[in-house]
Amino acid sequence: MPDSTALPTTIPVCPVRGSVIYPTMVQHIDASRAISINAIEAAMSGEKVILIVSQRDKDVDDPKGEDLYDVGTACNVLRVRKNPDGTLQMLVSAVARVQVSAYQLGDYLTADIEPLDAGKSGGVELQALSRELKDKFETVASGGRINAESVQTINSKDDIGEMADHIAFNLDFKLEDKQAILEAANVTERLKKLLTLLDTEQEVQAVQAKIRAQVKEEIDKNQREYYLREQMKVIQKELQGGDEEEGDEAEAFRAKIDALGLNPEVKKEIDREVNRLARMHPDAAEASVIRTYLTWVTELPWNERSDDRLDVEEAAQVLDEDHYGLEKVKDRVLEFLAVRRLRKERAERGEISAEEVNKGPILVFTGPPGVGKTSIAQSIAKSLGRKYVRIALGGARDESDIRGHRRTYIGAMPGRIIQGIRTAGTKNPVILLDEVDKLGSSYQGDPSSALLEVLDPSQNQHFTDHYLGVPFDLSEVMFIATANYPEQIPAALMDRMEVIEFNSYIEQEKLEIAKRYLLPRQLLQNGLKPNQISFSDAALEKLISHYTREAGVRNLEREIGTVARKVARNIATGKTKRAKVTDKELEKYLGQPRHTPETENMEDMVGVSTGMFYTPVGGDILFVETSIMTGKGGGLLLTGQLGDVMKESARAALTYAKSNAERFHIDREKLDNSEIHVHVPAGAIPKEGPSAGGAMATSLISALTGIPARHDVAMTGEMTLTGRYLPIGGLKEKVLGARRAGIKHIILPKANERDINDIPLHLRSSMRFHPCETVDQVLDVALVGGLKALETPRTDSQVTPPADSGSKGRKTGRRSPEARA
């Protein structure tokens with residue numbers, strides 16, 4: 001076989017993965033790839049010389065020349081054996097380091113080679129490097145990384161270059177480092193590189209030894225603690241008269257705590273309490289306190305979660321099944337869920353952190369009672385597949401309601417948030433903070449301030465309940481709040497929430513809700529079958545308009561339940577087998593109607609204008625009546641339980657009339673010598689708000705000029721002394737009330753024109769809206785003859801005196817309290 005001086009210039013190539021062969025070594029090589037098998041067979045049919053060279057990337061299955069290093073080892077093939085599976089096992093003897101000048105690819109790789117020039121080496125430097133290499137190798141070998149036989153073989157080498165090759169082969173260096181040793185043909189350079197690698201290996205061995213010592217110390221410590229703990233259990237058992245259950249109590253808590261997967265800081269604090277319990281007599285008063293505390297801690301879901309179902313289509317289906325209408329609310333909820341789904345998908349791809357998934361606005365549902373705020377929160381939890389917890393905050397006056405009591409107090413308990421988490425059994429429930437606008441405050445603290453930490457996404461992952469004394473992560477909880485009056489929510493708390501407004505239901509929506517949800521539920525609750533009772537649409541419409549007066553449907557469901565119970569009684573006593581409830585038969589079941597809707601005037605009247613108001617239970621119209629009494633000078637009398645703001649609107653209207661007296665041809669002498677009385681029925685109901693300014697001005701100017709106000713026009717808007725007409729709120733509810741009263745024309749501020757789109761289309765198409773920017777424009781629509789009649793001089797015969805009875809031609813119905821104009 002050829003030696004290093006007689007190698008062929010072109011030889012077959014056998015690529016290998018993850019290993020390097022050095023000269024003078026004898027090595028087995030397994031070949032399974034076609035390119036390697038073909039090269040071995042070519043070598044055996046030729047001069048039995050083959051080039052062993054490493055791949056740069058071991059994952060390449062079909063290597064080409066560029067995938068291989070340029071320095072390899074020329075080897076003599078000693079023996080080849082074919083395995084039953086077709087693979088080959090080759091025994092080679094490495095001859096020399098060679099430089100590859102070019103690779104050629106056919107059925108197998110061949111290489112043009114030439115031996116590497118070793119250069120000159122020797123002298124004192126080589127001797128010093130040799131001694132240093134032997135010393136470092138002995139140090140590394142003493143660490144047990146090389147077996148004794150290999151150490152003996154290496155130490156027996158007389159050639160220092162050959163010794164260096166064997167050291168590099170036997171130590172666990174990276175492929176790049178082993179290849180660098182192969183490419184170092186000069187012995188001096190080879191020793192320098194190897195010494196650098198041995199220095200690194202020594203440092204690694206030192207760190208490993210330190211880690212092993214620490215692990216051994218920790219194991220010894222745990223074994224010692226276990227031994228002492230077992231001794232304590234035996235001693236406690238003897239002290240307690242053999243009561244094994246008491247002796248195992250601390251251990252039972254410890255086992256539960258270990259299973260919770262707490263972070264080290266929290267676990268350290270809780271373990272301290274367990275150790276205190278273990279040292280106490282079980283009948284000690286403090287032991288009972290600690291026992292209760294540990295029970296709370298171990299029952300909290302520190303790492304238990306519900307799997308989110310963020311299917312937007314399924315959520316939409318659930319919301320539609322559970323609620324009728326509320327389209328804007330549903331759209332916002334679905335947008336919220338869609339954003340959370342996209343965030344979760346990005347977190348799964350590693351594009352954002354897991355903490356970012358749960359960040360987002362805290363939703364607060366605002367609106368009158370009974371419009372579905374609480375039930376839609378339940379539907380959100382249902383669609384997400386999360387547990388649902390409702391926390392009623394109405395009347396809460398103590399900070400401890402939120403944060404809990406400190407354990408120093410007798411009967412201390414966690415706050416309602418932690419109690420809700422334990423009730424849910426998961427750390428990511430949907431928690432409804434109900435009636436958040438009705439939080440109180442006292443000398444014991446302000447619960448709304450405590451809620452700031454709960455609802456702040458940047459703080460609530462470290463929420464600390466006073467009772468627990470350790471942080472609990474609330475960042476995965478989905479908080480939803482509800483309120484009837486958002487203006488009563490503290491500003492700092494409101495700033496952390498996004499408002500979703502629930503409007504009052506219109507009569508058509510109530511009718512559909514009654515047929516789809518309320519009737520089936522009441523039939524089920526009262527034991528009736530659908531074929532035993534039926535309601536006509538006219539009966540339900542009369543129930544809505546004459547027996548209930550609300551924005552939602554709670555009272556409507558109660559009235560349906562009352563009818564259902566009476567029918568159930570008749571069926572149970574055999575008086576009837578089934579009942580069909582019509583509008584004419586309602587009085588038989590419910591008595592006389594309790595509400596008579598306000599209706600428009602039947603004729604145009606002087607001094608009587610029609611305004612609009614709304615309350616939490618819906619909107620309606622009101623009448624502003626003005627009477628002029630001569631003989632007493634310059635006074636303004638206001639009656640009808642008007643609030644301060646409404647009184648100021650009347651004074652502003654009078655000032656506006658006086659400042660425009662000449663233009664409107666108002667008798668100034670009569671004005672100065674008359675007392676003006678403004679009354680707003682019904683007098684038993686408090687009224688407040690600025691939006692009656694237009695109605696006040698129309699009524700006053702109508703009375704002062706004798707020009708009648710139109711009976712088919714209702715108005716809302718705030719006026720200024722300069723005659724501007726300013727925007728107001730609650731337009732939808734007011735218009736719905738006006739339409740119910742038969743009004744066809746609505747005067748509203750120009751700035752509120754955009755709110756007309758919130759009114760259902762079938763109502764908008766049956767009414768006419770008059771957006772106004774000034775009071776002059778209001779008067780032009782509201783008075784008979786308009787602004788032209790005002791600005792035209794009038795004789796006494798043309799002036800119609802104000803009617804003595806402001807109620808002529810209409811009937812006055814009952815209104816809900818706290819009407820806001």
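Backbone N, Cα and C define each Cβ position, glycine as well.
Annotation comment: Swiss-Prot describes 11-202 as domain 'Lon N-terminal', evidence class sequence analysis.
The Cβ of Thr374 (ATP binding site) lies under 8 Å from the Cβ of Arg390, Leu432, Asp434, Thr482, each on the same chain and at least six residues away in sequence. The annotation ATP binding site is assigned in Swiss-Prot to Gly367, Pro368, Pro369, Gly370, Val371, Gly372, Lys373, Thr374 on the grounds of sequence analysis.
Per Swiss-Prot, domain 'Lon proteolytic' is recorded for 603-785.
The 10 Å shell around the Cβ of Ser691 (active site) contains 30 further Cβ atoms across the protein chains shown. According to Swiss-Prot, the active site annotation covers Ser691 (among others).
The feature active site is assigned by Swiss-Prot to Lys734 (among others). Look at Lys734 (active site): DSSP puts it in a helix.
Per Swiss-Prot, the feature region 'Disordered' maps to 792-821.
Nearest to Ser691 (active site) in space, judged by Cα atoms and limited to the recorded positions Gly367, Gly370, Lys734, is Lys734. Within 8 A of the CB centroid of the ATP site residues Gly367, Pro368, Pro369, Gly370, Val371, Gly372, Lys373, Thr374, the other residues of that chain are Phe365, Thr482, Asn484, Phe502, Ala551, Gly552. Across the fold, the C-alpha of Pro369 (ATP binding site) and the C-alpha of Lys734 (active site) stand 17 Å from each other. Across the structure, Pro368 (ATP binding site) and Lys734 (active site) are spaced 14 Å apart at their Cα atoms. Within the same chain, the residues at least 6 positions away from Gly370 (ATP binding site) whose Cβ sits under 8 Å from its Cβ are Glu550, Ala551, Gly552, Val553, Arg554, Asn555, listed in sequence order. Around Lys734 (active site), a 10 Å sphere centred on its CB holds 27 further CB atoms from the protein chains shown.
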